[in-house]
Amino acid sequence: MQLSWKDIPTVAPANDLLDIVLNRTQRKTPTVIRPGFNITRIRAFYMRKVKFTGEGFVEKFDDILKGFPNINDVHPFHRDLMDTLYEKNHFKVSLAAVSRAKTLVEQVERDYTRLLKFGQSLFQCKQLKRAALGRMATIVKKLKDPLVYLEQVRQHLGRMPSIDPNTRTLLICGYPNVGKSSFLRCITKADVEVQPYAFTTKSLYVGHFDYKYLRFQAIDTPGILDRPTDEMNNVEMQSIYAIAHLRSTVMYFMDLSEQCGFSIEAQVKLFHSIKPLFANKSVMVVINKTDIIKPEDLDEERKKLLDTVLEVPGVEIMTTSCHEEDNVMAVRNKACEKLLASRIENKLKSQARITNVLNKIHVAQPQKRDDGIDRTPYIPEAIAKMKKYDPEDPNRRKLAKEIEIENGGAGVYNVNLKDKYLLEDDEWKNDVMPEILDGKNVYDFLDPEIAIKLQALEEEEERLESEGFYESDEEETYEGFDADEISEIREKAEWIRDRQKKMINASRNRKALKNRGTMPRSKLAKTYGDMEKHMSSLGHDMTALQDKQRVAAEKNRYEQTGADVVYGDQEDSAPAGKLRQTDRLTDGVADGSMRSKAERMAKLERRERNRMARAGESDRHATASLPKHLFSGKRGVGKTDFR
């Protein structure tokens, strides 16, 4: 439950709100548009202006509506207090006006955005934008009075004390100038103004103190006059609502010296007038200023008049003097005790908590069967005969705590957690049992009959081996086939395996060539060895061609000269013939036309990179479009050269 409203955002006046939103639109949206631009760009430019302005107003209105409390959702004490201070209907009407303005601004934004979609020129779009912002400004200007009122309410709400209606509370009330604020200053650290005249306190003041490690709040209320509630002003009604709504101990202060300006008869009469507000509350009458006059010093008539307040059930009278701080703490402690006792009594009287606990409890009772047998609870014989534990019995079963004390106490004696294990041999209790062995969970292989099962498996394995279960005769595989058929099957199997290997290799080669440039088949270089292999596979005799190739090779062989003899010792391993150095730029190109075409394409590809000053195809560096040292703070007229 919200108890204070100190975080409500400031409510700007209508003109200031208008300036804030319009300046924000001008700063955060583009400002340059020209008639030569595409019409869709012009429409988008002005639609953005309208939408941004509408969203700015809606955002401000939302902050106002969400910041202020909903007067119907707060505690009745706060609701009546706000009604007294701010006039509930006026408060609701002001918030409703803001909510209505928000709806109208949203509607204007939607309507003019729809119209801007069909704008035909820059001038038309500009006029539509101007009309939209003008209508929004008119709506905001009509909120002049509600916004001023809400700002005043916000300031007052921020100064209101934080009062918790459900905590332990001492409520101080009575006629003006009877010492209420002085008592609050004595028992708390609240800085309350104290003056020797009436109606010094015009609002509720709260102080906090501790009693028996519990937090209490004491509330000083404005003075009340004995008159009908219809004639009471806002200051007095604050006290009435506090007494009516807060669960507290009411401390009614009286001044027997009559220096407050009111007689004892008037003070007693006021007590009986507000007596209906004391229902379900503990009440204490505190007689203040006993340093001037005490109850014993009154005449008999006034004593009898004072005793009439005791006719109310549960009322006690105590005396104190705040000026001399006499009996102040005793009065405070007595009021706290009465409050704590009444709160405990109310808790015991309320059946809600008991009902909530009883709803969670269910006692299961066995239902009678058709045969009529009474099913009594079953108690095992060992449990029934079990002897009750008696600490004085010397033959009693020792508890773990007693064993610990006998062996040195906590920190010296360690409890053996394996002592209660049920095993065949008690010596096994303290054996080290690994949890993980060879990467496997040991508990997965635990079995009381594991040795018997292992022996049965070994016997079955020996029996299968002796029967020849695992033996495999190759002749049985080809049973029903003669030798020629078996040989043919094996040859086919060998051919299939070889064919599968070739297919796998061919697939791998295709994948390897996927990302490489391909040459047309007609342009690929062919060697004599490839032709010989292909023709031989087709069944042609290549002997004559081999002889011709050998003769051609002899003619092309490099003839050794005298220079080769002179410089031959300079190289350890001279080649059999000179190898011609090839040009890698032209190796992959078939003829001159293809070469010129490739050069033109390469030149076009380099042109874009050169224009953008790229180092290569992989250069993706994005340079600053506006270098700060060239553009920061520079103005054309030369007025400013830095920010």
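Even glycines carry a Cβ here, placed using N, Cα and C.
Copied over from Swiss-Prot:
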BINDING   174-181, 220-224, 288-291  GTP binding site
COMPBIAS  594-622  compositional bias 'Basic and acidic residues'
DOMAIN    168-340  domain 'OBG-type G'
REGION    568-643  region 'Disordered'
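What Swiss-Prot annotates, mapped onto the structure for a quick look.
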residue : record           : Cβ neighbours (10 Å)
Gly174  : GTP binding site : 28
Asn177  : GTP binding site : 22
Lys180  : GTP binding site : 29
Thr221  : GTP binding site : 26
Ile224  : GTP binding site : 22
Thr290  : GTP binding site : 20
Averaging the pLDDT values of the domain 'OBG-type G' (168-340) gives 84
Going by DSSP assignments with H, G and I as helix and E and B as strand, what are the residue counts for the compositional bias 'Basic and acidic residues' (594-622)? 18 helix, 0 strand, 11 coil
Which of the three DSSP states, helix, strand or coil, fits Gly174 (GTP binding site)? strand
So, three-state DSSP: helix, strand or coil for Lys180 (GTP binding site)? helix
